[in-house]
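**Q** Take this structure, written in structure tokens, and hold onto it; I'll ask about it next.
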Amino acid sequence: MSAPRGQFTSNIGFLMAAAGSAVGLGNIWGFPTKAASNGGAAFVVAYLFLAFALAYPALMAELTIGRHARRNMVQALRSISNGPISRFFGGLTGFGGILVASLILSFYAIVAGWMVAHLAEPFASLFGAQEAAQWLSSNSVDRNLIMTAIFSGLTMLIIASGVEKGIERWSTLLMPSLIILLLLLICYVLTQPGALTGLEVYLMPNFDHFTPDLLISAMGQAFFSLSLGVGTMLIYGSYLSQQESLPRLGALVTLIDVGIAFTAGLLILPAMYVAQEAGTQIFSAEGVLIAGPDLILQVLPALFDTMGEAGVFVSIAFFALMVIASLTSSISMLEVPVAFSIENLNIPRRIATPIVGLIIFGVSSGIIFYFDSLFLLAVTISTEYGQPLLGIALCIFAGWIWRRDQLLAELKKGHEDIEHTLFWKIWPWYVRIVCPLLILTAFVQSVV
Ligand code: PHE
């Protein structure tokens, strides 16, 4: 007999977990820097539009399938299939999701490991351990291995404790802390000289940038940010009670995700221009805004250094924010393969978690050793190919393969008067036609 399936104990618990999965490095780092290099508010507007017009409907497909099937992605897609061929593709898509979620985790944990190192560094300095502090800021292979191991270990500890005691409890604790830290940091940074220039760059639209490339970039960002395609939202939906309204919860998750991404822009962009005011280079030699790892690992730390005593606390708060945001996302990625191992391979959670976690850590280690050739490859395969293709497949499953009456019945659960809503009138055909076509168009464009 396998253990009973976990379930979120409340809608707040689900909301914190799903928003926790969505809100991550993609929001706090990815979104603001993409906005800064893509025409400021022009990108913000495109992003807001795509988040609600494309990502939200795709999110609803995952949540609805997940809650109906109450199983992991492989079994869920097989169970809504109606013949051997679709069942085969259901299994294939499910395995694809598990692989891509694991691949995302393998590079995400490395980046999160950098954040752990930067969080630990001021503590080492504070306690006079200068050598340790130097090592922590060194970007050496051994530092990266150990920091990634620590972060992966934390992720495993939470996932090993299960849905209520692990995912729900920790997300409910960490998400409010994240919001408080973010707001405190914004209040501080906005009082510094140079901050207003950053706000201007962020909020003044430059519509010259409004090109197909901008839309593709905004779509990729929305997909990554809402954790779509890889079954994280499907598996979280499968732990949700049938008393809750899916369209409402899905809309709230989208709103929180978009809201925090936008708010993070109010921190990162001003901080960059404060750093410039304090003498740090924020443009590359070619005049391009520094947006990659150098921004988080050099520009911002250099800024914190100029802030004297306060800088130590600001730095701790900032990297704590990054670690928290990463952790509530990484647990959702690990849950995808772990749920599969529990349900399909009959391995108890406490054993499945370390096994799967260690395999993924092995992949992270490989990426750390061959960073220059593997890191970008892992990012590209998983986010530029994996997520959109799986997203299309999931919309096709929800819109074409799954029996309509079952899909509609699932939507009605927990939302009695849904038939009077706009959602009911639009979404069922929208997810069938508009979503897959839009994602496909953007995908083809980006590949070509
Ligand atoms: N949404 C997370 C972020 O913005 C990343 C993520 C992608 C999480 C895919 C789960 C699955 O950082």
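Each Cβ is built from the backbone N, Cα and C atoms, and glycine gets one as well.
Grabbed the feature section from TrEMBL, which reads as follows:
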type: TRANSMEM; residues: 12-29; note: transmembrane segment
type: TRANSMEM; residues: 41-61; note: transmembrane segment
type: TRANSMEM; residues: 88-117; note: transmembrane segment
type: TRANSMEM; residues: 145-163; note: transmembrane segment
type: TRANSMEM; residues: 170-191; note: transmembrane segment
type: TRANSMEM; residues: 214-237; note: transmembrane segment
type: TRANSMEM; residues: 249-273; note: transmembrane segment
type: TRANSMEM; residues: 310-334; note: transmembrane segment
type: TRANSMEM; residues: 355-379; note: transmembrane segment
type: TRANSMEM; residues: 385-402; note: transmembrane segment
type: TRANSMEM; residues: 422-444; note: transmembrane segment
**Q** Hey, does the transmembrane segment (88-117) touch the transmembrane segment (214-237), meaning at least 3 C-beta pairs closer than 8 angstroms, sequence gap 6 or more?
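**A** Taking Cβ pairs at least 6 residues apart, the transmembrane segment (88-117) and the transmembrane segment (214-237) are in contact, with 3 or more under 8 Å.
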**Q** Near the transmembrane segment (88-117), which same-chain residues lie under 8 Å Cβ to Cβ, leaving out any that are not at least 6 residues past its ends?
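**A** Result: 24-25, 72-81, 136-137, 139, 143-144, 146-152, 155, 229-232, 234, 293, 296-297, 319, 322-323, 326-327, 329-330, 333-334, 336-337, 340, 356, 359-361, 363-364, 367-368, 375, 378-379, 381-383, 386-387, 389-390, 393-394, 397, 401.
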**Q** Near the transmembrane segment (170-191), which same-chain residues lie under 8 Å Cβ to Cβ, leaving out any that are not at least 6 residues past its ends?
**A** 12-13, 16-17, 19-20, 23, 28, 158, 199, 260, 263-264, 266-267, 270-271, 274, 310, 314, 317-318, 320-321, 324-325, 327-328, 331
**Q** Where else in the chain does the transmembrane segment (355-379) make close Cβ contacts, counting only residues six or more beyond its ends and a cut-off under 8 Å?
**A** 102-103, 105-107, 109-110, 141, 144-145, 148-149, 152-153, 155-156, 159, 334, 337-338, 341, 347
**Q** Could you tell me whether the transmembrane segment (385-402) and the transmembrane segment (12-29) have 3+ CB pairs under 8 A, leaving out pairs under 6 positions apart?
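**A** When sequence-distant Cβ pairs are counted, the transmembrane segment (385-402) does not touch the transmembrane segment (12-29), since fewer than 3 lie under 8 Å.
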**Q** Any contact between the transmembrane segment (385-402) and the transmembrane segment (145-163), i.e. 3 or more CB pairs below 8 Å with pairs at least 6 residues apart?
**A** no
**Q** Short question: which residues 6 or more past the ends of the transmembrane segment (249-273) have a Cβ under 8 Å from it?
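**A** Residues packing against the transmembrane segment (249-273) from afar: 11, 14-15, 18-19, 22-23, 26-29, 31-33, 35-36, 44, 47-48, 51-52, 55-56, 59-60, 63, 178-179, 182-183, 185-186, 189-190, 192, 194-199, 201-202, 225-226, 240, 282, 289-290, 295, 299-300, 303.
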